[in-house]
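Q: Got a structure here, written out as structure tokens. Questions coming.
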Amino acid sequence: MENIIMRNNLRQEIVTFGCRLNIYESEIIRKNLELSGLDNVAIFNTCAVTKSAEKQARQAIRKAKKNNPDLKIIVTGCSAQANPKMYGNMSEVDKVIGNEEKLLSHYYQITDQKISVNDIMSVKETACHLVSSFDGKSRAFIQVQNGCDHNCTFCIIPYVRGKSRSIPIGTIVAQVKHLVLKGFKEVVITGVDVTAYGSDLPGSPTFAQMIKRVLKLVPELKRMRLSSIDIAEIDDELFELIAYSERIMPHFHISVQSGDDMILKRMKRRHNRASVIEFCQKLRAIRPEVSFGADIIAGFPTETNEMFENTRKLILEAELQYLHVFPYSEREGTPAARMPQVPQNIRKERAKILRQDGFNQLNEFFKRHIGQKVELLIENNNIAHTENFIPVKLDKYLAIGQIFKAELVGIEEGYMKCVLV
């Protein structure tokens, strides 16, 4: 899992691991950190999805302290929320704060109280923070929701993010308007379980209703991108919206996890393999250019070779291109951790095979797009992305954050090449 590092002139550094919501929250941390005036400090915004993510964070902390012995280190994020004592016991760490505390700057001060992590399950509302810029990024992130009310057997996210809490539509609209005025052409709608949006708000507005309001009230917004969506929560209204709204980008990341129905049942997922295939095929029939990403767990407890092959078949049948594959990682206290485990070496081997399957699917997707006319959103390092999230390598500098028309002409090392038109 790649970490993102942000620095400024005050010798303040933020190292972000994990999801898009963490990226969004790191921008809030950056703003608060600048206001705090703290010098020679690093905040590690951690992830708790896998043991590997936690190991990466600990290694990065030790390396940072070794390189700068006077550096003050604050650890926060989902891993800190789940295991505050683990970080509190590290000699390199000066302060540990929870997921709610990290958004409040007074918790950044180094005091005798090394750990400040409160009960996230008691939080009833998600505070709204206006983020005006995203360091070095061409697209902006909008948080519409936090927390999760589901109980997948492998997941600890509900325990580190709390119950599902939604941000009112009016507040979201105001934020999007603000970001458009700042020059952003694309916003990414993000949260922990975005398609669960609204059930806790007065009148229970749906995710689709919220998206419609944003698109209607901010006509200047050119591109909207949705983060991970849950197949089980896609109703007819939402499907119609993403199928026919050209301003919603034709790239959707699905929380699939497995292509075997028995494994999905043991995970306590609310969809089956047929519903994934049906959704992808139905949407592709309307928007042929659409691409799909998916989270896949390799080697979930009790997964047999036949069950694993069902997942491989699903990738082909649903035509999933952008795969996030993780070897199953036991999370203490979860029901899945008590199930019969698949050996580690088999998990890793299956993950390797799935990643290759994903690479093959993506390469075929690239080939089908040679000669296609697209619009590119320009990013850092001469990289851009198409509407359906194909990464494109540019041969010259173009203004970051702007949109250019181009023709895709070839493939080169995981990217497509283009000529401007």
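Here the Cβ of each residue, glycine as well, is placed from N, Cα and C on the backbone.
Sharing the record's features from Swiss-Prot:
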DOMAIN    10-112  domain 'MTTase N-terminal'
BINDING   C19, C47, C78  [4Fe-4S] cluster 1 binding site
DOMAIN    134-364  domain 'Radical SAM core'
BINDING   C148, C152, C155  [4Fe-4S] cluster 2 binding site
Q: Quick one: Cα separation, C148 ([4Fe-4S] cluster 2 binding site) versus C78 ([4Fe-4S] cluster 1 binding site), in Å?
A: 13
Q: Show which residues of the chain containing C19 ([4Fe-4S] cluster 1 binding site), separated from it by at least 6 in sequence, have their CB under 8 Å from its CB.
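A: C19 ([4Fe-4S] cluster 1 binding site) has long-range Cβ partners C47, V49, T190.
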Q: Between C78, C155, which of the binding-site residues has its C-beta surrounded by the fewest other C-beta atoms within 10 Å?
A: C155
Q: Show, in sequence order, which residues other than C19, C47, C78 on the same chain lie with their Cβ within 8 Å of the centre of the Cβ atoms of the [4Fe-4S] cluster 1 site.
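A: Sorted by sequence, the hits are F17, G18, L21, N22, T46, A48, V49, A53, G77, S79, I157.
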Q: Between C155 ([4Fe-4S] cluster 2 binding site) and C78 ([4Fe-4S] cluster 1 binding site), find the distance joining the two CA atoms and give it rounded to the nearest Å.
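A: So the Cα of C78 ([4Fe-4S] cluster 1 binding site) lies 12 Å away from that of C155 ([4Fe-4S] cluster 2 binding site).
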Q: Using C-alpha atoms only, work out the spacing between C78 ([4Fe-4S] cluster 1 binding site) and C152 ([4Fe-4S] cluster 2 binding site) and round it to an integer in Å.
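A: Cα-Cα distance, C78 ([4Fe-4S] cluster 1 binding site) to C152 ([4Fe-4S] cluster 2 binding site): 17 Å.
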Q: Are there any residues at least 6 positions away along the chain from C152 ([4Fe-4S] cluster 2 binding site) with a Cβ closer than 8 Å to its Cβ? List them or say none.
A: Q257, M267, K268, R269
Q: Apart from C148, C152, C155, which residues in this chain have a Cβ no more than 8 Å from the mean position of the Cβ atoms of those residues at the [4Fe-4S] cluster 2 site?
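A: Going along the sequence, the neighbours come out as H150, N151, F154, I156, I157, P158.
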Q: What are the helix, strand and coil residue counts for the domain 'MTTase N-terminal' (10-112) according to DSSP?
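A: Tallied per class, the domain 'MTTase N-terminal' (10-112) gives 51 helix, 20 strand, 32 coil.
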Q: Note the mean pLDDT of the domain 'Radical SAM core' (134-364), expressed as a whole number.
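A: Average per-residue pLDDT within the domain 'Radical SAM core' (134-364): 94.
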